[in-house]
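What follows is a short report on a single structure.
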Amino acid sequence: MVNAILMACILAGIFVGMFNEVDGIQILSKSKLEKCEKTSDSGNLNCSTKIVLNLAVPSGSSGGEASIVAEIVEVEDNSSSNMQTVRIPPVITVNKSAAYALYDLTYIRDVPYKPQEYHVTTRKCEHDAGPDIVQICERLRDEKGNVLEQTQPICCPCGPQRRMPSSCGDIFDKMIKGKANTAHCLRFPGDWFHVFGIGQRSLGFSVRVELKTGTRVSEVIIGPENRTATANDNFLKVNLIGDFGGYTSIPSFEDFYLVIPREAAEAGQPGSLGANYSMWMLLERVRFTLDGLECNKIGVGYEAFNTQPNFCSSPYWSCLHNQLWNFRESDINRIDRHQLPLYGLEGRFERINQHPNAGPHSFSIGVTETLNTNLMIELRADDIEYVFQRSPGKIINIAIPTFEALTQFGVAAVIIKNTGEVEASYSLTFDCSKGVAFVEEQFFIIKPKAVTTRSFKLYPTKDQAAKYICTAILKDSQFSEVDRAECQFSTTATVLDNGTQVTNPFQIPETQPKGFFDSIRILWTKIINGLVDFITGDTCRNKCSSFFDFSCHIQYVCLSWMVMFGLLLALFPITCLLLWLLHQKGLFDPCYDWWEDHFDLDHHRRLLPSRADVVNRHHHHHKHRHHHNHHRRTHQRHKHHHGQDDDVLQKMMLERDHSDSHYYHQLHRVHKDSKQKQRRRAKHGIVLPRDVHVERQRKQRLRES
C-alpha cells in the first residue's frame, strides 16, 4: 500500500485523437496500479499490474455516434522515475450512441376520439322506442343481446328554446299524430385511443470500447443495462461509473397520460400502433375522467351525458367538450400558423421511439443535450498494488409469475449464493429477449455462504400474450462471469377497457329488411308483438301518463284501458240493477218492517187506537148496560149492590183492555203479512180481484175527498 501512496496516478504521453468533430471529450485521470486477487484466507495474493484510464465520453446531439481514440505511447516507471516508451502502443477507440429517455407505460383504458350527440325529430319518442321511431338513438345491446339501459334516448319536447329547436306543428297534427318531440342520444363512432399512464424514466445509450494492440483487437459493449464488461482475452476491462448531469433536465411526464390511436386487428386483438406518431398526444391527467361520470372530459360516458342538469334546455353538444379531437384540431391550427404544437409529440420531441428493440407500446424520446458518461478502462501494466476479494457464486433460482402485459409489470426474483469463503462483491445482469425493456445491472455484496435475492422489474413492450426468454448473468468482483441461468415467463394479453362506453364498436342499427323472407319474418314478428302488447298493455302503461289521458289511450288503442273504462261506466247501472234484484228477492223486507215499526207513525195511528178511546168505549158500554139494568132491577137491589158492581166493573174493564190490545196486535200482524204477500204477488206479477177492488175504492175515496 506504500507504493500506492507514492504513485500518484501518473501517466504521461497520452495522445488523444478525435473523430467526428465531437468536442468536450476529456481524460479525467490516468494511472497504473497493481491489482492483487485474494481467493481464500491463506493470505496468498495473485497480483497483476494495470493501466487505468478514467474518461468522460459525450453523446452526440445529432443522433450519430461520438468517438474518441486514445493512443498510449509512454508510461512512467516508479522504480526509475523515468519515462519509458511502450513498445507496441495500444489504441483505444470509444464510440457512444445517442442517448434517449425511456419511460415506463401502464395501460389504463381506451377512450373515444370524438363522442357525438345525435338527435331525431319524432312524435312518439320513448326510452324503449325502436329504430322505426328513434332511428340511430335506439337502445344498444351487448354481445349477449342484453339491452344496455344507459344507452336509451332522452326525449325532449318541441319548442324554439329547447336543446334542438323544432316546430310543434298545428293542433290537428297534435290530435292526429301526437305532440312533436326530439330524441337525443350519445354514440361513439370513429376512432378509439389507448390511454397509458407514464411512470419513471431511465436513460439509455450504448458505449463500444475497442482496444487494438498490434494485430490483436479486444472489444466490449456496455450501457446502463450492462455496466461492466471484460474482453475475451482479459486484456481489457471496462466499467461504466455513471453519467454527469446536464444543464437541461430530462422531462418527466408523471402528471400526463399518453394517448395512442388504436388500430384495427384481427380476432379482436389490439393492433400494432406502427409509426403514426403524428396522432400521439400527451395530455394532463386532470383532463380525463376514468369512470366516465364527469362532463366535458376525455372518457365521458352515458351516465354523465344522460344525468346532466337541465338537459332539454342545455345547448346542443353540452357535456361533450374538451375531447381528443378538440386538442388535435388545436394543434393542427397552430402548425398551420407555423407554431409548435401543445399536445402532440411530433414537433416537440426528437427521435420518438427510436431506441433499440422498440415495441409497439413503448415510449422514448431522444435526449438533445450532450451527456457525458464516466468510463473507467483497465489495461495490463505494472504499477501500484490494490487488494480486492474475489469469490465464486451461483444462481440458485429465478421466479417470474405470469402477469398482464402493459397493465402490470413483472417481477423477476433471482436467488444468488456466495459459494466461496470470503465476502465479495458481485454484479448481476438480467438480459431478456426482444420485446422487454432493458433493466439496469445491479451491484451488491454477499457474505460467505450467504444467500440473497435480487429483484428486477420487467416491462413488456407488446400487448399480446407471449412468452419471453431471459438470461441472468452473475459476475464477480473482477467483472468476470461466474454463472449463467436462463428462464422463461409468460404474459397475458392486455384486456382493453372502454370504461362506461359500449364494449362493442358502435354501428348504426339496420332498419331495412334484407330480403322477401326477412320482410315476412319482420312483419309477422311485429304482428305478434303488437298483439301481445295490445293484450298486456305495456305500451299504454309506459306512454300514457294517467288513467284519464283519453287522447293517448285512444291513439295507442289500449285494450286494458278500454276494459277498465267500460267497467267504470257500467258500474252505476249494474249496481242499481243488482239492488233491484235483491229487492225483488225480498232480501230487504226485514229492513222495511223495521222501518215501519219504528218510524211509520201514521200507520200506527190508523191501526192502534189511543188509550183514551179504549177507556171511553168501556165507559160508554158500562153506561148503556147500567141504564138497561135500571129498568129491569128494582131501586133497592141496585142500591144494595152498588159498591160491589163498581169493583166488578173495574176488573172487567182491565180484562177488556187487555183483550183489545191483543186484538189490535193480531190485527197488525195480519196487516203486515198481507203487505208481505202483496209484495210477493207484485214481484211475480200476480194481481187478485180483491186487490183491484180495494184499489178502486181507495181511488174513489180520494176523488170524493
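Note that Cβ sites are derived from N, Cα and C of the backbone, with glycine treated the same way.
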Of the candidates CYS125, CYS137, CYS168, the one Swiss-Prot records in a disulfide with CYS155 is CYS125
According to Swiss-Prot, which candidate among CYS36, CYS47, CYS185 shares a disulfide with CYS137? CYS185
Per DSSP, to which secondary structure element type does CYS137 (disulfide bond) belong, with helix, strand and coil as the options? helix
Would you kindly give the Cα-Cα distance separating CYS312 (disulfide bond) and CYS158 (disulfide bond), rounded to the nearest Å? 10
Measuring Cα to Cα, how far is ASN95 (N-linked glycosylation site) from CYS312 (disulfide bond) in Å? 68
Under DSSP, is CYS295 (disulfide bond) part of a helix or a strand, or is it coil? coil
Other C-beta atoms within 10 angstroms of the C-beta of CYS470 (disulfide bond) total 22
Under 8 Å by Cβ from CYS137 (disulfide bond), counting only residues of that chain that are 6 or more apart: TYR118, HIS119, VAL120, PRO153, ALA183, HIS184, CYS185
Fewest other C-beta atoms within 10 angstroms, as judged across CYS156, CYS158, CYS168, CYS185, CYS319, which are the disulfide-bonded residues: CYS168
Cα distance, CYS432 (disulfide bond) to CYS156 (disulfide bond), nearest Å? 60
